[in-house]
Amino acid sequence: DFSKAMSQAGSSQFQEVIRQELEYSMKVELDKILATAPSNELEHTKKDLEGFKKLFHRFLQEKGPSVDWGKIQRPPEDSIQPYEKIKARGLPDNIASVLNKLVVVKLNGGLGTSMGCKGPKSLIGVRNENTFLDLTVQQIEHLNKSYNTDVPLVLMNSFNTDDDTKKILQKYSHSRVKIYTFNQSRYPRINKETLLPIAKDVSYSGENTECWYPPGHGDIYASFYNSGLLDNLIGEGKEYIFVSNIDNLGATVDLYILNHLMNPPNGKRCEFVMEVTNKTRADVKGGTLTQYENKLRLVEIAQVPKAHVDEFKSVSKFKIFNTNNLWIALSAIKRLQEKNTIDMEIIVNPKTLDGGLNVIQLETAVGAAIKSFENSLGINVPRSRFLPVKTTSDLLLVMSNLYSLNAGSLTMSEKREFPTVPLVKLGSSFTKVQDYLRRFESIPDMLELDHLTVSGDVTFGKNVSLKGTVIIIANHGDRIDIPAGALLENKIVSGNLRILDH
């Protein structure tokens with residue numbers, strides 16, 4: 001036992017030496033990169049690289065998945081409130097003065113690459129030529145006009161989306177919404193083998209674009225604080241931010257949740273509220289809220305030990321998942337940021353670059369900070385508040401007659417008999433937005449659709465109706481054109497356009 005203990009002590013000493021060497025090598029490389037920064041970018045680059053250095057230090061310290069599965073418990077009953085209970089309280093007469101304390105923040109750092117688009121994802125047209133950004137501005141403008149308030153919109157951009165977004169913002173100069181932007185940090189990707197940056201200098205255009213990345217939306221706390229915007233908004237009397245992904249079309253300002261925050265029934269304000277919703281089979285990978293060491297904690301699939309992944313995915317044990325719609329007190333962000341006590345698990349995201357080089361990028365998630373805030377709460381909201389558009393299959397749903405558009409908000413059509421969304425799976429011929437648009441002369445009637453699977457070279461004529469379960473599979477080399485006006489109800493269409501009953 002003694003020799004075993006000695007060898008363990010020896011191995012941990014050895015690991016410590018390796019860690020120190022890696023940190024030293026990283027510091028040397030980052031200093032070289034910083035030395036290439038022009039004077040007008042020096043301060044900004046220094047902040048970014050300091051932030052990265054801290055993250056890298058923590059990455060070297062942590063071992064394996066960062067949760068001890070044995071400590072995970074179901075959250076206490078009162079720590080996740082049903083939305084109905086919060087709505088039942090109604091709204092006070094002075095809801096406008098409550099609204100004036102709110103800031104809407106949209107996470108706008110992502111590109112539309114997964115849907116075959118260049119530029120910011122927020123500029124993809126989703127409904128009647130309106131982009132994600134158009135709909136967001138319309139929603140807040142409607143709110144400000146209806147209640148005579150001044151709710152501003154803040155966009156967290158990344159170095160990938162900032163220029164294009166700022167150009168577009170000019171078109172809203174006459175709208176009744178003040179729009180502010182700030183940028184996420186820019187961190188260096190590191191070689192998976194050497195754990196050193198692949199960038200040799202600070203430039204991030206041309207062939208150097210692949211050397212840098214925005215480090216996930218957990219970066220919001222530091223970037224928001226460092227930009228000075230946080231202090232400005234506190235100075236204007238703002239108290240809460242409502243944060244959500246710009247591609248979640250269900251994430252609109254909810255007055256009942258806001259009222260619950262500002263006028264809590266027990267008199268004690270929450271610093272952090274996470275909207276969760278019930279899992280379906282499609283959401284098994286979503287992060288879930290648990291009780292861990294007497295705090296609410298977000299556990300993501302990447303943190304789960306391999307032996308427990310199936311248990312984590314089970315819909316019966318973990319019934320809810322995080323929508324990434326978050327309500328956070330501005331004063332709490334400032335306090336935690338100044339004390340440097342916001343604790344978020346590191347997500348190690350492996351990537352393979354175009355040339356075949358394996359790199360990793362270290363990221364954090366905004367919801368993971370829930371355990372650092374006081375008096376946190378989960379609210380179990382209706383599924384309609386989670387309507388993300390990640391793929392063209394999602395795009396088909398929001399463009400269809402399943403939803404009606406009113407003042408920038410999408411609501412499910414009253415003509416649909418059940419409140420669930422159909423399951424839609426479009427094959428690889430539809431992945432890119434421009435290919436997808438070319439394949440539909442008009443978006444089919446989907447009010448009575450339960451399930452649609454399309455695979456291969458398929459096009460849809462005008463005014464097609466889809467009902468029940470519809471499966472359309474064009475074999476390799478074949479093409480299927482669904483004729484204009486066709487009604488497909490519980491049908492399998494295969495190979496050479498034989499239409500069979502399903």
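Using the three backbone atoms N, Cα and C, a Cβ is placed for every residue, glycine included.
TrEMBL does not curate its annotations; it predicts them automatically.
Given the structure is predicted, the values throughout are model-derived calculations rather than measurements.
Per TrEMBL, UTP binding site is recorded for Lys121, Gln184, Gly216, Asp247, Lys390. Under a cutoff of 8 A between CB atoms, and with a sequence separation of 6+ in the same chain, the neighbours of Lys390 (UTP binding site) are Ser114, Asp247.
Positions annotated as substrate binding site by TrEMBL: His217. Sequence-distant neighbours of His217 (substrate binding site) (same chain, 6+ apart, CB under 8 A from its CB) are Leu107, Gly109, Met156, Gln184, Asn245, Asn324, Ala365, Val366.
The local packing around Gly216 (UTP binding site), expressed as other Cβ atoms within 10 Å of its Cβ over all shown chains, amounts to 23. Proximity of Lys121 (UTP binding site) to non-local residues of its own chain (separation of 6 or more, Cβ distance below 8 Å) is seen for Gly110, Leu111, Gly112, Met115, Phe132, Thr161, Ile246, Asp247, given in sequence order. Taking every protein chain shown into account, Gln184, Asp247 are the binding-site residues, and of these the Cβ with the most other Cβ atoms within 10 Å belongs to Gln184.
Here the binding residues for UTP are Lys121, Gln184, Gly216, Asp247, Lys390. Their largest Cα to Cα distance works out to 21 Å.
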